[in-house]
Amino acid sequence: MKVEELIIDGFKSYATRTVITDWDPQFNAITGLNGSGKSNILDAICFVLGIASMSTVRASSLQDLIYKRGQAGVTKASVTIVFDNTDKSNSPIGFTNSPQISVTRQVVLGGTSKYLINGHRAPQQSVLQLFQSVQLNINNPNFLIMQGKITKVLNMKPSEILSLIEEAAGTKMFEDRREKAERTMSKKETKLQENRTLLTEEIEPKLEKLRNEKRMFLEFQSTQTDLEKTERIVVSYEYYNIKHKHTSIRETLENGETRMKMLNEFVKKTSEEIDSLNEDVEEIKLQKEKELHKEGTISKLENKENGLLNEISRLKTSLSIKVENLNDTTEKSKALESEIASSSAKLIEKKSAYANTEKDYKMVQEQLSKQRDLYKRKEELVSTLTTGISSTGAADGGYNAQLAKAKTELNEVSLAIKKSSMKMELLKKELLTIEPKLKEATKDNELNVKHVKQCQETCDKLRARLVEYGFDPSRIKDLKQREDKLKSHYYQTCKNSEYLKRRVTNLEFNYTKPYPNFEASFVHGVVGQLFQIDNDNIRYATALQTCAGGRLFNVVVQDSQTATQLLERGRLRKRVTIIPLDKIYTRPISSQVLDLAKKIAPGKVELAINLIRFDESITKAMEFIFGNSLICEDPETAKKITFHPKIRARSITLQGDVYDPEGTLSGGSRNTSESLLVDIQKYNQIQKQIETIQADLNHVTEELQTQYATSQKTKTIQSDLNLSLHKLDLAKRNLDANPSSQIIARNEEILRDIGECENEIKTKQMSLKKCQEEVSTIEKDMKEYDSDKGSKLNELKKELKLLAKELEEQESESERKYDLFQNLELETEQLSSELDSNKTLLHNHLKSIESLKLENSDLEGKIRGVEDDLVTVQTELNEEKKRLMDIDDELNELETLIKKKQDEKKSSELELQKLVHDLNKYKSNTNNMEKIIEDLRQKHEFLEDFDLVRNIVKQNEGIDLDTYRERSKQLNEKFQELRKKVNPNIMNMIENVEKKEAALKTMIKTIEKDKMKIQETISKLNEYKRETLVKTWEKVTLDFGNIFADLLPNSFAKLVPCEGKDVTQGLEVKVKLGNIWKESLIELSGGQRSLIALSLIMALLQFRPAPMYILDEVDAALDLSHTQNIGHLIKTRFKGSQFIVVSLKEGMFANANRVFRTRFQDGTSVVSIM
């Protein structure tokens, strides 16, 4: 809110209506002679703001505010301020929708004042709240700075300066709340002491006496209850025991009679069964004799089996040799490939070194040639100068010959420069002839280039559209090729799978879902397909197969419920054994036993389960099958481990021999054919490959269908793209064949040739300079020689010796480089030759590998054929053997069963005799017990309810009955003694006293809790006050120093705590003038002290800015330069607030944006704008 217009009518020296408009929103100054009414404008503003202290507006009563106290015909004083309220963020509460706010205060002679807001009458409190909401509280006017306030600040003590900071921070309110809380706490403490005294001196002694009496009464009640309970327990136990014995004997009698009847029937039935079984035995013996008289079919089948086994052994031996040859050749091939790769790398390295050495050798040779030429010329010169004839016998040597040669070279270089210059001139002339056509050609070419660009952009857009649709022609081709490869691979893998499937037929497990929502994941599968053997452990396959035995084809399921459902409703096609994970019990070999076994035979023993990989979910099944057997390398190790006293575990050798700690040994001759478990592993791997290939094939097929569908959708775009590509090709051809393009190309060629000529001229000019220098040098040497032949000749001889030495060194270097060059050349040729030889050898090895693979494939096919025949023969042989074994097994079973029946019959007869004797004894005991039970019922009525008796006995199970009888006697004696001493009314008396005690303790606890909360509140208030005070002090002292430095350059001031005290105990002003800190403000001049006070006031104003500030001649004690600094400070630092300043000094109002001048005319004040 900013002052926009001030209307004064009848207020103090303004007798008539005076309107002061065009107030600046930032800096306004009022000036004029003393007594002209300057300060009356400020008084009028304070009057409207609702000032209550008349002394502030220099009046003793409201009547003094009317012009000449109403004696000049003016009977009321009225002041109106119109505020600009366009800044909604700083608007008073409830006035955000008013762009202007008009506030009027009137005082009538002899009456009271009234207020109007926007022309409507309003109570004084509403006006005060309006201004307080925008920090214009006239009754605590921080925004009003009178001259006297500066003097007051100068004389403030540290505690008073701290009060200014507290006022700015707003922590006075915290002091009031703290004092209130301390008064409340004092009252609470008094009440607390009263309650504690009452509790200690009156209630607690009385309560202690009553509690002693209560304890005695409770003890009496407890004794009475224990006595009744103990007597009931003793009687219940006696009755229950007798009753239980009686019932037990009765049941025994009934069961004995039933059992006797059953035994008689069993003996009779068993005799009949034994007779029947003897007849069956005789019949089976006759059948066995008939089977033994048949021809020797088994012998023929065994001979045929041995022949097939020998053939398989021979073929596998051949295959093994072939495989070894193949592996050996493959290893050699790999070694050759590695050697070829290494040799190729070395050859590249040698060739690189050879090229570098060749380059160095040529450079050295060139330098050597130049050095020899220089030496030869020097030698000829010395010879000519010495003898008149050169070393070659020519008479035209010496300086003259060298000078002639140098001049010839100089002429040749000059001629070359002229030729290049002439060529460049001709090119420039041709360039001038092309230039007129170049502009038109460029323009025409730009059109062609633009056309090519447009065609290219069209093609790019069409390609982008195809990409958006996800269509890629090359992708379809790649997918089609991949689909063909996957199909071929799939058919071949399926063929291999079918072959292996015939060899492992028992792996098939098919079932129908027992019910629709059957959880298929609960059926884990056949054991043989649930684990894998790593290639490193494949040699253990026979041992692991022996370890698993028939369980290899068992089916693992999650629980017994799943197993039951499969057996009852799964429609299984063959008999299977199911392993439910929740029912099997495992006893795997412990880690300690395994460690001991490995220590006894290091590297030769391992737990079977550790040689396979499987899913964690079926760990229990794998432990059940493989967890209790050790795999050993050889029979010696197996014996050592199996029969060790601390191990005694089942062991299996790699050949499949089983060693049992009970002394059983099984094994011997086994098939030499490949292990069934290896076939199962191969079959499992191939099945996984088929699944992977099928998934890849499905993915490729889906992507192909997507691409075909996209191709149909984008046919139009593809046609447009082909057409655009054709247009682009035509446009490029047109661009290349266009004469304009040829002109531009020729222009570029000429510019390039001109550049080459310029470079050649520069190079030749450098050579020309060298030739000129050489001519000058020779001429200079000739002059020196003519003037002093002896000295010059000696100098030339020295140079010749030095050149000879350098030539010798360079020749040595040349020879060294040549030797290195030749060595590298030989090494490179040798490496190249070796590489060619190795490549030829590798080619031969690869041919051998292919040949061996074909031979191996043929052998494997033959082996598979023979193995198939072997399987057929073995099946027939097993069936024949099984028929004989079945007869023997059946005969043994019948004989065992007869023996078992005879034993059962004998045992039943003995049991029958004993039972008759016992029954007679039990009948005599029953009558005695019935008499005792009847006596107890008559004595204790509660025994009629046997359920109650049973519950009593159950609750006190395991007690010592004799101890309880003794305890019952002691309790009865104690009960009779206590009955004489107790007070039966004690419970009612103690209840009232305890309630009073509890109420007092609750009250004390509540008061202590309230006291603690008050203390916490005071502590929090002190912490918050200090934090707020420190932040305010830090901000104010910073602004204080900056403002003082602006007012008095090269100076600084700050607020600091008194020496040795905290910031909350008082603040004092420290001033630095130049580089010297002043000990006291007394050392400062009056103007400097005024600046200090004014800087502090301005810093406080800046901490919590108000929308308007009123300053009344605050610069009275300052010189002109300081006054000007204050004006500048207001203008630069307080941009968000409106200042109204009364000043007589030009330095102040020269900085103001608006200056009002007052003057006294005809007895009234008049205001004008400067």
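Including glycine, each Cβ sits where the backbone N, Cα and C put it.
In the three-state DSSP classification, G32 (ATP binding site) falls within a strand. Positions annotated as ATP binding site by Swiss-Prot, on the basis of sequence analysis: G32, L33, N34, G35, S36, G37, K38, S39.
Per-residue pLDDT, averaged across the coiled coil (172-469), gives 76. Sequence annotations record features per position, and here Swiss-Prot assigns coiled coil to 172-469 (among others).
Per Swiss-Prot, domain 'SMC hinge' is recorded for 523-641.
The feature coiled coil is assigned by Swiss-Prot to 678-1027 (among others), with sequence analysis given as support.
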Within the domain 'SMC hinge' (523-641), residues counted as helix, strand or coil by DSSP: 64 helix, 21 strand, 34 coil
For the binding-site residues listed here (N34, S36, S39), which one has the lowest count of neighbouring CB atoms within 10 Å of its own CB? N34
Among the binding-site residues G32, G35, G37, point out the residue whose Cβ has the most other Cβ atoms within 10 Å, with all shown protein chains included in the count. G37
I want the residues beyond G32, L33, N34, G35, S36, G37, K38, S39 whose C-beta is within 8 angstroms of the mean position of the ATP site's C-beta atoms, in chain order. N40, T1158, R1159, F1160, S1165
Looking only at DSSP and grouping its letters into three states, which state does G37 (ATP binding site) belong to? coil
Of L33, K38 (the binding-site residues), the residue whose Cβ has the fewest other Cβ atoms within 10 Å: L33
